[in-house]
Each structure stands twice: as C-alpha cells, then as structure tokens.
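Lifted from Swiss-Prot, the feature list:
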ACT_SITE  Tyr194  active site, proton donor
BINDING   Pro35, Met36, Thr37, Gln110, Arg241, Gly324, Gly345, Arg346  FMN binding site
BINDING   His189, Gly190, Ala191, His192, Arg286  substrate binding site
Amino acid sequence: MDRPPPDQQRQKQAPLFSPYQMPRFRLNHRVVLAPMTRCRAIGGVPGPALAEYYAQRTTQGGLLISEGTVVSPAGPGFPHVPGIYNQEQTDAWKKVVDAVHAKGGIFFCQLWHVGRASHQVYQPNGAAPISSTDKPISARWRILMPDGSYGKYPKPRRLAASEIPEIVEQYRQAAINAIEAGFDGIEIHGAHGYIIDQFLKDGINDRTDEYGGSLSNRCRFLLEVTRAVVSAIGADRVAVRISPAIDHLDAYDSDPIKLGMAVVERLNALQQQSGRLAYLHVTQPRYTAYGQTESGQHGSAEEESRLMRTLRGTYQGTFMCSGGYTRELGLEAVESGDADLVSYGRLFISNPDLVERFRLNAGLNKYVRKTFYTPDPVVGYTDYPFLGQPKSRM
C-alpha cells in the first residue's frame, strides 16, 4: 500500500486543494476531471458503465467534465461516443449525472462536433463530413474506425453560410438537453481541431464569406454558438475550451497569441452583456488530443508560457489550464496564479482517486494506452485500483 509522506498536512493546505468560487458553483478543490473520449457509449447512448466510471472519479465539491458528447448525428468521429441530441440519450445521461451528484460532484457536459475529423462510416447516410473547408486532414493523421483499424480522413464538404445557423441551433438544443439531464453546466469544445477550431484556425479556414478571412470572421461561429447557449441556459452554466497553439489534426494558426487574444477579448465583451461564464479552459501547447506530449509545437517553452500567461492575464473570469500537467506542475500553476483550476486527463483514467493521491503525494497507477478507446465496459475503464487495493493485472 502506498503511504503518505511526512508533509501530508502541508500539502493539504496547498492552493491546488483549496476551495474555489466559480460564478455559480463552489468547489472544494481545484483538481478537475478533463473531458476524455473513451468509446464506451454503445450506440451513442451512455449506459451503466459510464455511471460507474464517473462516480469513481467524483469527490465532494469536485468538478468533472464529461467526455465529448455530440450535438447531432453528424457530430461523431470515433466509435461509441455519446450524444445528447435525442430523448433516449438525454434520459440515459440522467442516470450518469445522478451517480455523480450522489457523491457531491459538479458535472459539466462537453458539447462536441468533430466536423471534418470524421468519416462517411460515422455520418448519416454515408455523407461526407462537414467543415469550414473542403480540405481533408492530411495523411499525417489517421481516424479510428469502428472495427479498431485506422483509416484516412476523407475530403469534407464545405458548409454553406446558410447552413451554419442550423448547427448553432444544435448546440443550443444540446445545452437545453444537458440541463434537462441534470448536468450543472456545459463546456463548448472549441479546441483540438474539431469543428469550431476548423473555423478559428487560419491553417484550415480558407473561406471568403462572413465566416472566414479576418479574425473577427473566424471567431464568428464560436461566438454565435456561445451566445445561443448562454441565452438558453445562462452564462454561469457555460464554459468554453480553446487551444490556439495546438496543431492537432492540422489545426495550425499562423499567430496563436493573436488568435487566443481575439477569442478572449470577444468572450470578455460577451460577459459584459450576459454575465460571467463558468470558466475558460485552455489546453497547453505541449498536449495533443491523442495523448502525446509535444513541447514546443509553436516555439519554445518560454513562448508557450507567454501564450498561457497572456490569455490568463486578459481573460476576465475563471481560468482553467490543461495538457500534460503533473501534480507538481498543477501545484505550481495554482500557487503562482497562472490558473484557477487545473484539469487532468490520463492520470485520472488510471487513478480514479487522483485527488486523494495528490493530497497525500501517493504513488500513481500507470495507464494502459491500448485500452483508451476500446468498448470494454470494465477493462481499462472501471478496473483501475484505488489506494489500498491490489494493483491491476492489465
């Protein structure tokens, strides 16, 4: 059994483990479960395995963010990802949310649409995926197919400007469904090369209409989605995630700081009208959505730090960071004021009691990458041991 070190009491008082007041919710600590695709919602409907998985990772007054949950039938780009666009899915999520609330957790639903990061096999009637562009994702990247193999990303269909309001409405309705399911709020996934990021980044967005070209135009879709969701459920239940300096799925921008600042300034203006958002969630440049750590994708570590601190210093509200954080980096980020909250992904996969392990500075279970995206409801999902339990045999 792992034993806590002598400085256990001092670590319990560290800022990472101190309470935090969000606009609507009070947290008991600053360690957040990051949104992570796990491919266990068979047929797009969350089942008992998801309820157990999230409940295992719940602490009293802790914030959890669900895996990416698609807002329409055209939204998926992985097998067995959950949706929240119909009544069956909404009702199924209620049981998962109830399991989290029963343990005192605060639960946000991440609203997701992958855009061009999909394949005809995931699309209604085998249609081409939709995007801001008709450029496909390069052969550098591969898509996970339903049979577990990997394939090439196909050429997407460029959305007409007249089609975009329908997608905005899908986000709005999904947010309403999330609140009906009992979620405490939602996070708009505007990061990691998915559909909103496909409008934000000038390396993808080659449009010449009101949704392309200038920074203002490239930010338009995100702002329309955010305003629609805020009008439906209230600003203090709405969060936004961005990753201006990450080129995952070819989502490259020529000036990440300028892009990040453009988003932040517009969110600040929105907050002046609608009230404070729940938080802004920014992924550190060293992270990619496939779990790789790549420091310096867009420059030196100093430049990456400058980006995060610039956004932190400009955004008027709760600032959450993520991307390859260790316990020590999380302690430092909160203590230095670089972030209010820190979200953890892979470490939470293999350590359902991560918050307690961090408090005690206890040892951590190692995650098994090959089980990240498998449909097994137990192995690599709910069978990682808690402190004091025998080690997993995986």
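Glycine residues also receive a Cβ, built from the backbone N, Cα and C atoms like all the rest.
Keep in mind the model is a prediction, meaning the values are calculated, not measured.
Feature map: Swiss-Prot annotations on the structure.
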residue : record                    : DSSP class
Pro35   : FMN binding site          : coil
Gln110  : FMN binding site          : strand
His189  : substrate binding site    : strand
Tyr194  : active site, proton donor : coil
Arg241  : FMN binding site          : strand
Gly324  : FMN binding site          : coil
Gly345  : FMN binding site          : coil
Spatial neighbours of Met36 (FMN binding site) among the recorded positions Gly190, Ala191, His192, Tyr194 [C-alpha, 10 Å]: none
Nearest recorded site to His189 (substrate binding site) by CA-CA distance, among binding-site residues Pro35, Gly345, Arg346: Pro35
Listed binding-site residues (His192, Arg241), ranked by Cβ neighbours within 10 Å, top entry: Arg241
Separation of alpha carbons, the residue listed as 'active site, proton donor' and Thr37 (FMN binding site) (Å): 13
Residue pair Gly345 (FMN binding site), Tyr194 (active site, proton donor) - Cα distance, angstrom, rounded: 18
Residue, out of the binding-site residues Met36, Ala191, whose Cβ gathers the largest set of other Cβ atoms within 10 Å: Ala191
Sequence-distant neighbours of Pro35 (FMN binding site) in its chain (C-beta under 8 A, six or more apart): Ile65, Ser66, Glu67, Gly68, Gln110, Glu187, His189, Arg241, Ser343, Gly345
Integer Cα-Cα distance in angstrom, Ala191 (substrate binding site) to Gly324 (FMN binding site): 16
Spatial neighbour of Gly324 (FMN binding site) that is closest, considering only the recorded positions Gly190, His192, Tyr194 and their CA atoms: His192
Cα-Cα distance, maximum over Pro35, Met36, Thr37, Gln110, Arg241, Gly324, Gly345, Arg346, record's FMN binders, Å: 19
Site with most surrounding Cβ atoms, counting all protein chains shown within 10 Å, from the binding-site residues His189, Arg346: His189
Residue pair His192 (substrate binding site), Arg346 (FMN binding site) - Cα distance, angstrom, rounded: 16
